[in-house]
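Peer 1: One structure, as structure tokens, below. Some questions next.
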Amino acid sequence: MNKQQAIIYRMVTDKHICPFGIKAKDLLKRKGYLIEDIHLKDRQQVDEFKNKYDVKTTPQIFIGGNRIGGYDDLVKFFGLVKDKQAKSYKPVIAVFAMTFLLALAFGYLIAGNIFALLTIKVFMGLSIAFLATLKLQNLDSFVNQFITYDLLAMRYLRYAYIYPFAEAFVGISIIAAVFSYLAALIAIIIGLIGAISVFYAVYIQKRELKCACVGGNSNVPLGFLSLTENIMMIAMGIWMIFM
């Protein structure tokens, strides 16, 4: 069976290689196309190509003599368009999966047993610290999302800015076993406020919101998982007091 041919024009210079050109080429290859990969090696070649085909961007893909367009157009051509606004728990699952595996590694390395009590402690500490790090990547973006549902942050904006730092302190304290009582108190307070806020917004007001648990601009839905995170924070605080 003869493979259908595709031609891709993409920018490949000493200073810049178009990432969308690489992605387009890979997609065509995975779809079984025979690819003629034509490199535009300098700005003059790029400009001449754009003028010739009356296009504003590269790469440009041609299939069967017809111009498909750029990478996004190629994705549409194959019916692979994803809804960028679709809600997803993937970021949260990725965090907890990684921290869980790291906790198992710590348990095996230090205690010689992946099911040691240390494993639970490290898992909780790393999870809280990782979530805090994601929030701190873009603090303003986190705040903009957080204040849409957190009851205290709505009234006192500074609390929203303090929250990720407090969360990071709790995570580090759990792992290092220092300032345990202070960290426990902070964990219980912010966990309790968070749990009440999420429950009120989701189950009382019936609002459909995005959770700021992995930072701003995420599509993680506010709901049961967010409530569980806050309850986990409360439980960890209580555990730190009595253990």
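Cβ coordinates are placed from backbone N, Cα and C, and glycine is handled just like the others.
Checked TrEMBL, it gives:
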- 12-68: domain 'Glutaredoxin' (DOMAIN)
- 116-242: domain 'Methylamine utilisation protein MauE' (DOMAIN)
- 92-110: transmembrane segment (TRANSMEM)
- 116-136: transmembrane segment (TRANSMEM)
- 156-175: transmembrane segment (TRANSMEM)
- 181-202: transmembrane segment (TRANSMEM)
- 222-242: transmembrane segment (TRANSMEM)
Peer 1: Hey, which bits of the same chain come close to the transmembrane segment (181-202), Cβ under 8 Å, at least six residues off its ends?
Peer 2: 128, 149-152, 163, 166-167, 169-170, 173-174, 209, 222-223, 226-227, 229-234, 236-238, 240-241
Peer 1: Checking distant contacts: for the transmembrane segment (116-136), what same-chain residues at least six beyond its ends satisfy Cβ-Cβ under 8 A?
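Peer 2: Non-local partners: 91, 95-96, 98-100, 102-104, 106-107, 110, 142, 163-165, 167-168, 170-175, 187, 212-216, 229, 232-233, 236.
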Peer 1: Please compute the mean pLDDT of the model over the domain 'Glutaredoxin' (12-68).
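Peer 2: Average per-residue pLDDT within the domain 'Glutaredoxin' (12-68): 92.
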Peer 1: Short question: which residues 6 or more past the ends of the transmembrane segment (92-110) have a Cβ under 8 Å from it?
Peer 2: 116, 118-120, 122-123, 126-127, 130-131, 134, 213-214, 220, 225
